[in-house]
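To start, the structure under review is shown below, and the notes come after it.
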């Protein structure tokens, strides 16, 4: 099949949500609809308790982190879907943000009772950096929650994105009877389903169908009135606005009951964009170019000390990957033979034979690959848009054995290049300050320092609230350094960073130094 045809079939996306909105359940059920049924079945057997296919990022010491489930590829109708998992709860990390730089669209999952929550707002800000198209699924309609129209207002108000309802719920909680599809003019009646069957639910064609009155009684007339109101009061779906990231199509349902997801997946396959290409520092690389290009957005280490292998995740931007091909690792200027790339089809960690734009392949990495690295078939390219994000949590590294200082510095430098943490060295002392966006990142770093560098290290609280990279002309920066050097550090790449003791302090500094920029992201 031609490169163009294969590329057009690809849909690469991630799910953004607040913990407990149902992301894991939605992921599982999408796999079910994608025919990866063995995965939904394997969910219960993997551990004695009910653990889910995509929840892999617990520190699974005994057998290492299962890399396979961080990317799940499955076919649905005539498209091939690549779902990138975004760790949610306490294992939230900068990886979650960076994963969003490697997708072409995102699915926002919202709990009907809770509406828009903090984490969703943060993840949405990251999607905004690239105007990523967003689809929305409002989940848990089998429970009581906010009125649908109120939820749409909240999404529009808080996230500044127009909502276009595609499906509409008929009641909720105990009165939940199904959903109406505004564009297909069909009603799907609700039936709860067990975990392993895709729920069909009876389909009634036409809002004026008398069968609706038989099934729903007085609710049918209420539904007709409500739909008339909804059509008048809400936005009509515009594909162009969706692709620009200014409008989100909204679907309602109950993931735990496999209900409403088929409409969502159909909409996703129909409207979500295929891979188009990506901006590099010198030019725009189109997905249909013949030569392979790709970039690294994540590196995942194996937590098993016996297996030091790390896997670098590469998003293919253009061309076709074929097993055994040689690629240029642009940053180090070397050609490397990619003999054993990993592919992620239906949760089998297999060797990739071929892969196309939009696909993710795993490269075995022995410490030479960094986040943001570009691979090509010879051209000196550097893809942009894979940033470091300003950390939100900070700790100072304290050594138990001062003789291990060199090993600690080496370990922290390498781990920061890999994206496990960020390292800041204050100008005025020898402190090593670590930054992260999720608390588990510190535990992972401590464990890896011990296993891989034989360094025992404690992390203690430090008086830093937030960090910003400082950009400006040299004369202004020199003046700045002379005045505030006690709060200035260098990151692992040698870039200047202001480490603010409080948010208020940061605001004051920004006001006092209007010629300088204090930015929350920095390109790798």
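Backbone N, Cα and C define each Cβ position, glycine as well.
Taken straight from Swiss-Prot:
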DOMAIN    8-276  domain 'tr-type G'
BINDING   17-24, 85-89, 139-142  GTP binding site
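Projection of Swiss-Prot feature records onto the structure.
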residue: 17; record: GTP binding site; Cβ within 10 Å: 24
residue: 20; record: GTP binding site; Cβ within 10 Å: 14
residue: 23; record: GTP binding site; Cβ within 10 Å: 28
residue: 86; record: GTP binding site; Cβ within 10 Å: 26
residue: 141; record: GTP binding site; Cβ within 10 Å: 25
Collapsed DSSP category at residue 141 (GTP binding site):
coil
What is the pLDDT of the domain 'tr-type G' (8-276) when averaged and given as a whole number?
83
Name the secondary structure element type, per DSSP in three states, that contains residue 23 (GTP binding site).
helix
